[in-house]
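Copied from TrEMBL, the annotated features are:
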ACT_SITE  C88  active site, acyl-thioester intermediate
ACT_SITE  H348  active site, proton acceptor
ACT_SITE  C378  active site, proton acceptor
DOMAIN    5-261  domain 'Thiolase N-terminal'
DOMAIN    269-391  domain 'Thiolase C-terminal'
Amino acid sequence: MEEAVIVSAKRTPIGDFCGMLKDYSAVELGTAALKGAISAAGMEAGLIEEVIGGQVYQAGCKGNTARQIALAAGCSDETVALTINQQCPSSLRAVEMMAQNIMLGKMEVGAVVGYESMTNVPHLIQGARSGYKLGGGKIVDGLLHDALIDAFNGYHMGITAENLAEQYDINREEQDAFALQSHERACQAASAGRFAEEIIPLEIKTKQGTVQVAEDEHPNPETSLEQLAKLRPAFKSDGTVTAGNASSLNDGAAAVIVMSKTKAEQLGLQPLAKITASASAAVSPEVMGIGVVPAVEKALKFAGIGQEAIDYWEINEAFAAQFLAVNRELKLDLDKVNAHGSGISLGHPVGCTGVRLLVSLLTVMEHRQLERGCATLCAGGGPAAAMIVERF
């Protein structure tokens, strides 16, 4: 069976909600990321046989955004494209699908893009098609309706984090301390130039003219425990989850080029890593964040290795409580996890994050000269995904 390898991995800077990337559509962000990955690979866009996109908020973006991105990035008319939605793990699952196609010999070269513009998610007027006989219609926020509100319980995803905080006895102080660590790590990585290796600069318009941005907008060097402690609980009056110890709403995109090892050799390309194993698992929607644990366990089983064989981890920080609950189970050395921050500090543009985790994983593994890494994240509704890669 063919080996599936990653030959390039790039991302855009991540913008805040209604922030510096507000004028970019999800398709434009995805296109920029894919162009960057193609350029980094040193290959022609026409070699790409299929593009798989991961996007959560597709309303208002026109049909099959992955196809739009493929053609805008210079792929041929014959390039197949598919857009999938599994909430937060969408683009990581897309990488899994691409790898499986390559391993089965159905194709040789593919691209996976994760992208989201949470700023530009539209509001919805449900019921307007058949008309309102009496009384006013209701405008629904698509951002909440299509992901942030749990489809099964009708409450915000933040309540699932509160549920885990109660179940695992995780207090407010522990969550705030973890959030501070995330910001500190992201800011230190930015200062050290680590993100320059993975970010494709974007142009934005300002009052002073057009400028290039190549830094994430959300990491805050001024974050402190004192500031975090002043924030009110966001989801229940006596809760512990706040805007400061939860991931933010963001815009951004990331892309990887995946191909068979044989094709990479033919093209003279040096792979960054091979995809060793991947897995999905699911738990109750009420505690969706803990789904990472069984997903990781299954991926390790498929890889035929133990947890100790993983040198480095990227675990999305949907909420500090969620991450800490996961680590109550996995008991990882935090020096080997999220070295450059994650969802709390970098931001969580949901469709983008799966591939963004892979980009971050490969950056740190290269810098530390590590062999094996795992990227994983949870999803609203209970599913989770994990992927194990080995660096060349």
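Glycine too: its Cβ is placed from the backbone N, Cα and C atoms.
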Legend entry - the domain 'Thiolase C-terminal' (269-391) - residue tally per DSSP class, helix then strand then coil: 55 helix, 32 strand, 36 coil
Legend entry - Pairwise Cα distance for H348 (active site, proton acceptor)/the residue listed as 'active site, acyl-thioester intermediate' [Å, integer]: 9
Inset, instruction - Would you mind reading off the Cα separation of the residue listed as 'active site, acyl-thioester intermediate' from C378 (active site, proton acceptor), to the nearest angstrom? - result: 7
Legend entry - For the domain 'Thiolase C-terminal' (269-391), the mean pLDDT of the predicted model: 99
